[in-house]
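Worksheet for the structure shown next.
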Amino acid sequence: MKYIFVTGGVVSSLGKGVASASLGALLRARGYKVTAVKIDPYINIDAGTMRPYEHGEVFVTASGAETDLDIGNYERFLDLDIPAGSNITTGQVYQEVIRKERAGDYLSQTVQVIPHVTDEIKRRIRVAGETAGAEIVLIEVGGTVGDIESLPFLEAIRQFKFDEGDENVLFLHLTLVPYLGTSNEFKTKPTQHSVATLRSVGISPDIVMVRSKTKLPPEITRKIALFTSVRENRVFSSYDVGHVYEVPLALEEQGLGKVVEDLLGLERTMPNLGVWTNAVRTIKQPTREVTIAIAGKYTEMPDAYLSLMESLTHAGIANDARVNIRWVNAEELTESGEGGLATQLGNADGILVPGGFGIRGIEGKIKAAEYARTRGVPYLGICLGMQIAVIEYARHVAGLEGANSAEFDEYAPHKVIDLMPEQLEVGGKGGTMRLGDWPMDLRGGTTIAELYGVPQGGTVKERHRHRYEVNPAYTEQLQDAGLTISGVTPGVAGRGAGLVESVEIAGHPFFVALQAHPEFKSRPMRPSPPFAGFVKAALRGQSSDEQGTEATTASV
């Protein structure tokens, strides 16, 4: 097995995840079995309880792990499901070391960072690769070289090269070369210091990748090679591009794939990058455009909805369209009248309400769902967005005045959304939700079944992350009022009826909402069916509007 470790220097948020995923895509395009591991030096066990404003979205894997958003990048770029155990945190490592100490596994030993913590880190990396059946394992070390939190991990990967041999381990270091407009020059000193810091802990990079605004000129590449003792053909420029899906193509053009094959003693192969070329062409030169309004809670931090944004991009590729996102702060909709709603949501070709937690902005999201329902605007609800759609329908169509979710009002007269029975005895917050892949039985003859390619009905799987569900006590009343329950998970313990997985409104141009998070399974070459159908409906709505305008003009 071969191992590629990716570290970062100078500043955080340089894009190590995208760089690692892009390299993985180049290796996958050459036919290698690749998997990815993300190391996060924080003491949290996982990302599940962290603030979206600070950490971005929590990406949920098929196995139910709540992980760093970079795992989502790996799944999208590599077009595979990353197995459990591929997001390693300091909290996980120390928890296991302490468990072993208490169990007596280290009897007579003084438990220390070296070798016990570093051995546990190495064990987890190897297990992740073996579990995936990989030939090449990409390991991104989070944080910045020089941070105190990263030191045990850097020591572990230093040992890795000693353990596995030079031909099986490669170190890639990502740094920043800022451009100073006042002096009209690139500054390489931060990169020089970053590599020196990495060398001070015993790691010499085999490849240096440089983030910069534009592609580095040859003289700057030569200077970096000279001062970092890395050959010039191993210094790569990761410059700003229009879309992240251009990064693999830009790196391949510079020869990254060939250099990695040479360093790891692999036979050179020709990559098949046609799917990436076609995807980028569609992104940059679409035949149509569509605007989607996202009524959310974390609109100031788009990374909180990263997979959702990428899913819309994938849906755009499938429909040969550019998807423009209009961010709408749901709190601002709360007090909005008709004029305010029209300003925020008017001219949007579709409205999407994403997942989330907490009461802030809830009434604004309900108004967004009502706006879409009553005006025939395509609507897609994700997780909380489905619960919002049910609350709105219960209040304004089913006649259940005061309907709400128990999450927001435990004294509501009609708790149409309630805590799942199996959650009643749950005390802790971390890792205790309904997580990962769950089956959805789709009803034949519904929009959702058509989208998933099972028009007569069938079972599909999507990822979930929730504690609350549509209250089974109200499903009959909601259906009598015209709401279609198009998908359920049957046989859930503690209830007579199945858990509601999707709802829709018959006769509406497109009103579909799911309890699941289909964005987590969307890929550039395999878009999520609900997202692809949503964008298609939004484009269809544009055509209808244009035809209506033409008819009106003709009649005048």
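Positions of Cβ are set from backbone N, Cα and C atoms, glycine also.
ATP binds Ser13, Leu14, Gly15, Lys16, Gly17, Val18 as Swiss-Prot records it, and from the list Asp46, Asp68, Asp70 the residue named for this site is Asp70. Record note: Swiss-Prot gives Ser12, Asp147, Ile148, Glu149, Lys187, Thr188, Lys189, Pro190, Thr191, Gln192 as CTP-binding, and the candidate from Lys38, Lys100, Lys223, Lys258 in that site is Lys223. Among the candidates Gly24, Gly356, Gly436, Gly498, the residue that Swiss-Prot names alongside Tyr53, Leu384, Gly385, Met386, Gln387, Glu407, Arg467 for the L-glutamine site is Gly356. Note on proximity: among Ser12, Lys16, Thr191, Cys383, Leu384, the recorded positions of the record, the Cα nearest Ile148 (CTP binding site) is that of Ser12.
There are 20 other CB atoms within 10 A of the CB of Thr188 (UTP binding site), with all protein chains counted. For the pair formed by Cys383 (active site, nucleophile) and His517 (active site), distance between Cα atoms is given as 6 Å, rounded to the nearest Å. Rounded to the nearest whole angstrom, the C-alpha distance between Lys16 (ATP binding site) and Glu140 (Mg(2+) binding site) is 7. Neighbour count (other Cβ atoms within 10 Å of the Cβ, all protein chains): 20 for Val18 (ATP binding site).
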